[in-house]
C-alpha cells in the first residue's frame, strides 16, 4: 500500500468551497487522516483490508494534495509522513482510568454466599434483585469511547492506572471502532466500559496446535495466553491470536441525564444496542435461592460454554441500591464472585519422563492420555522429583486422578489402585543425564532433587539458560525465544549466554532461522539485534535474575539491587551481609556467594560488562525519602501492588520492608486476607493502614496516613 503521486492543489481547493475556514480545513484533514490510518491499520495489522489498493491510493492522494495546498495542516505523524505500517506499535504507556476499576471479593462456599446476601438484605431491608453472570477466566480490559469512537483501551493495572493497549484492543473482533446510538439508548458523549478478554477454548486449542506444529512450546492455559496476547508490543501478533471480549460493567459516563440506567440489566441492553458484546448467559433473579440455583446449574454445565469460567458473579441489579451499598478500597459491596472448586478427572498415565532445567535439576513429569479438565485439554503434569513419585505411589500404566489447582496448574493426586491389572510398572529415576550422559547426584546431602553437575556444557542447561536470559522476569528480550536459543547454540554462533550481547548481523546470518531465502538478515534478526541493544540498559535486578543463580528470583534480586546498588558491591559483600538483607536470608546468600566462586560464571559477567550491560543502578533522586528509618510490614493482597512492588516502593523511599511485626514496626499495611501479622499489629498497638493509607504514606510520609 503506497502512493507518491499528488493531485493538482487547485482541484483540492475547488472542493473546499463550503469548508474553507481554518477550523473546517483542520477538521477535513483530521477526518481524512483518520480514515487513511484506519485502512492502514486494517491492512498492515489486521491483514483484513476492506477497500482495494486503488481506492486506498486515491484516498492517500487526496490527503497529500490537501497537505500540499495547506502545508500548515501536515504533522509529523501524518500518514503521508510515515512508511507503511510505521507507528503501529504498543509501548504500554500509563493510562489513567476515568473511574477506578475495582476488583471483586470472592466466596467459595454456600455459607459464605449466604452471609454476603444476609448483609445485603440487612442493609436494604428486603430481598434484592440480582444479576447473575458467568465469571470468565480472562484478563480485564477498559475501553473509552468519546462521541461514539474508540479512544483508548487499557488494562486494569492498579485500578487507578493501567497500561495503554489501544492498538492491540482494536484488533479484537468484538471491539467496535465506532458505536451507534438508538432512539431508546442515545449514546453518551463519553463512555467507559469494562470487560473481559479471553480465548474461546476451540481457538486456544488451534493456537497451541499451530505452535506445536512449528516446534514451539504451547501455552499453559487460555487465561495466561490471553493476557500475553493482549500485551504484545506488535499488535499484528495480537491480531493473529483471535481474542474475544465480553463487556460486564460500566465506568465513567458523561451524559446529560447523568447515569441513565435504573438497573445494570438495562445498561447491558444499551451496550448491546450500541454494538458492544455482552454475555448471552446473564440472568435476573430475586433472592438467594434463585442465585444458588444459577450457581448449581453452571457448575454442572460449565463446559457447555465456549470459554473457560471459574465461577458466577452475583451483582445487585438496581443502580440506586449499588450506590447505597458503596464499595471498599478494592471491591464493590454490591457484587461478589462465587468461585467453583478445582476440578478433578481420571486419565491413563502413559509414561513418566524427565526434564533437565537450567540449574541442572532433573524433574519427572507425567505423560498422560489427554483429558478435558477445567475447560482445557491436559496431557502433561509435573511430579516434582523421584521422592514425590514414590510418595504418591503412581506406576506407569496407572489410571491416575489429576486436578487443576485453581483451574490452572495440572497436578497428579495419585493412582486409582482398584483399576490396576498387573501390567503397570515402577518408574526409576535415571542415574545419568539424558542430555549429556553425566552422572546425576543431589547438589548436597539430603536434597530430594537430583541434578546434572555438568552445568557449563550440558545442552539442556545451556539452551534453558539462554532462553531464561530473554524471559520477562530477566532481560525481557523479544525475539530470543526457545527456538532462537536452540538455533544460536546449534549453529555455534554462541557458546553460552555470555556471548549474547556481542552478536552481530554476520553471526545471525550463520543460522537458517534469521536468514531469508535471498541470504539476507531477516526482519526478526534485525529486531533481535535491536532488542539486545536495548536490554543492556535494564536495571541491575534483571541482570541478577538473568545469571541463573539458584534461588535468586525477582524478589531476592530486587532486594539485593536496592541494598547494594551495583554488582561489584554484591560480589564484595560477605555472606553474612547478603543474608541480612530483608527477603534474602542464608540460603540465597550462600547460593550467591557460591555462584561467584566459579570461574566460568565470572567470565559471563565479564563478557556482559565488556559488551556494555549495565552493572549498577542509579539512585532515583526524584523519589523523596518519605519513609527514612521506618520499618513497615505488608500483609495480605493489595489491589495496586504486588508484594514485591510494595516492598520496592518502601525501600526506594528509605524505609525497611520488614517480614515480621514487632514493637519496632512503624506501620502494618493490611490488604485482603491479612492473616496473623494483622492480629499481631492489633495486639501490639501498631498502626494499621489500608491500601489508600499506604499510598498516602508513600507520598507524604508518616504525618498524614489514616488507618
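Each Cβ is built from the backbone N, Cα and C atoms, and glycine gets one as well.
Cβ-based neighbour count (10 Å, all protein chains) for residue 135 (active site, N6-AMP-lysine intermediate) stands at 21. The active site, N6-AMP-lysine intermediate annotation in Swiss-Prot covers 135 and is backed by sequence analysis.
Feature annotation from Swiss-Prot assigns NAD(+) binding site to 53, 54, 55, 56, 57, 103, 104, 133, 156, 196, 315, 339; the stated evidence is sequence analysis. Note: residue 156 (NAD(+) binding site) has non-local neighbours 101, 103, 140, 141, 142, 162, i.e. same-chain residues 6+ apart with C-beta under 8 A of its own C-beta.
Taken from Swiss-Prot, the feature Zn(2+) binding site covers 433, 436, 452, 458. Using a 10 Å Cβ-Cβ cutoff, residue 452 (Zn(2+) binding site) registers 25 neighbours.
Marked as domain 'BRCT' by Swiss-Prot on the basis of sequence analysis: 622-707. Helix, strand and coil content of the domain 'BRCT' (622-707), in residues and according to DSSP, is 29 helix, 16 strand, 41 coil.
Here Swiss-Prot flags 1-23 as region 'Disordered'.
Under the three-state DSSP scheme, residue 55 (NAD(+) binding site) falls in the helix class.
Remark: residue 436 (Zn(2+) binding site) has 452, 454, 457, 458, 459, 460 as non-local neighbours, by Cβ distance under 8 Å and separation of at least 6 in sequence. Summary: among the binding-site residues (55, 57), the fewest other C-beta atoms within 10 A of the C-beta are counted at 55. Ranked by Cα separation from residue 433 (Zn(2+) binding site), the binding-site residues 55, 57, 104 are led by 104. All protein chains included, residue 104 (NAD(+) binding site) registers 17 other Cβ atoms within 10 Å of its own Cβ.
Residue 104 (NAD(+) binding site) sits 11 Å from residue 135 (active site, N6-AMP-lysine intermediate), counting Cα to Cα. Each residue contributes its Cα atom, and for residue 57 (NAD(+) binding site) and residue 135 (active site, N6-AMP-lysine intermediate) these two points are 46 Å apart. The Cβ of residue 315 (NAD(+) binding site) lies under 8 Å from the Cβ of 130, 131, 132, 133, 264, 322, 334, 335, each of which sits 6+ residues away along the same chain. For the recorded Zn(2+) site, residues 433, 436, 452, 458 set the reference point as the centre of their Cβ atoms, and the other residues of that chain within 8 Å of it by Cβ are 356, 360, 434, 435, 437, 438, 440, 453, 454, 459, 460, 461.
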